[in-house]
Amino acid sequence: MPGCPCPGIGMAGQRLLFLAALALELLGGAGGSQQALRSRGVAAACRLDSKESESWGALLSGERLETWICSLLGSLMVGLSGVFPLLVIPLEMGTTLRSEAGARRLKQLLSFALGGLLGNVFLHLLPEAWAYTNSASSGGERQSLQQQQQLGLWVIAGFLTFLVLEKLFFDSKGKEETSQAPSKDPAAAAALNGGHYLAQPAAEPGPSAVVRNIKVSGYLNLLANTIDNFTHGLAVAASFLVSKKIGLLTTMAILLHEIPHEVGDFAILLRAGFDRWSAAKLQLSTALGGLLGACFAICAQSPKGVGTGVGVVAVRRGALAEGHGRPDPGIRARLCSGPPRGMGGGRYTWPPSPPQPVRAPPPATEETVAWILPFTSGGFLYIALVNVLPDLLEEDDPWRSLQQVLLLCAGIVVMVLFSVFVE
C-alpha cells in the first residue's frame, strides 16, 4: 500500500528496537546488581567493624580491666624479685671479687646457681612441657611420641642458639688474654685459677677486650631469663582469667620459686663482670618479658572470639585437680557455668546440665607454650654446663670442691622442695 512502510524495513527496525531495549535492560540489571553487591559489601564491612569494636570493648570491659590490672601487677611482682639478691649478697661483694675471699664466695654462689639452673630445667620447665604435651595430645601414642621428640629438638635448638650467639660475640684470643691477666692480688688470682699461682704475668688486655668478652655469658643469661619471665607472665595472666584466687596463688608460687633462682642468676651476672647495682638493674629489666607474656595471654582470649584458652597455662600451674582432669572446686563455676550473676545470668552449679567442656586453647597460645619451655630449658642448660661448670672444675682443693658439690646439691634440693610443696 502507498502509505505503509516497507515490510522488510519494518522488521529490521523492530529487531533493532528489540536489541536496543534488551541491551538497555542488561546494562540496567548489571548496574543494579553491581550496586547491590556494593551495598552488601558495605553492610558486611559494617558488621565486621561492629564485631571488632564489640570484641575490643569486651577486652577493655570492667571485669576484663580488673584482670588486666591484676595480671600486670602479678607479673611485675615476679619481675621485682630480681632485687632480692641485694638483700642476700653483702654490699661489698661487687668490689671484693678480686680478693681471695671474694673469689671463693663467688664460686660458692656459682655452685648454688648451677644446682638451681639444673633443678629449674629438669624439675620445673621440662616436666611442665612434658605434661602439657601429654594433655594436648589426642592422636594416640604415636602422636604423643612425636610431640615428645619435638620437645627434645626444641631443647637442642635452644642449646645451639645460645652457642651460636656466644660464638658471634666471642673473641677467643681476647678471652685467653683476659683469663691470664694478672690480678692485683696474687691470692685472688690463684683462687680463680684452681689454686695455682701464675708462673709469669701476662700482658694486661685493653679495657674494651675485657668488657666485650667477660659479659657475653651474662647477656645470654639475661636473654634466657627474659624468655623464662615471658612464660611466667603467661601463667599469671591465664590464672587470673580463671579467678582472682587462682591468680594470687599462682603469683605466690612463682615468686617463691623465683627467689632462689634470682640469687643464682645474680651470681652469674657478677661472674660475667657486672657490678652489684648494674646486675640488679639488668635483672629488673627482664621483668618486661613477664609483662609481655601477660599481655599476650589476655589478648589471645578476647578479640575476634578466640575462646577462653585458660587451660594452657592455668592447668600447668595446678588449676585442675591433679590426675582427674576435673576442675578444682574453687574454679569449677567459672569454667563450666557461664558468666557470673549480673553479667548475663548463669548459676554456679556442678556438674552443669548438660556438661560443657572447657574450650580448646587458642592456637597462638598453644604454639607458644609448645616450644618456649623446652627452648628456654636448652638455653639454661647451655649457661649451666658451658659457662658455670668449667669454673667450678678448676678447683683443686678437696675441701672447697666438697663445699661446691654440697652447695650444688643444695640448689637442687631447694628446687625439689618448691616443686613438691608449692606447685
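Backbone N, Cα and C atoms are what each Cβ position is placed from, and that goes for glycine too.
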Per Swiss-Prot, Leu65 and Glu258 on one membrane face: yes
Of 69-89, 109-129, 402-422, whichever stretch has the most CB pairs under 8 A to the transmembrane segment (279-299): 69-89
Averaged pLDDT score, the topological domain 'Lumenal' (90-108): 66
Stretch among 69-89, 109-129, 150-170, 369-389 sharing the most Cβ pairs under 8 Å with the transmembrane segment (402-422): 109-129
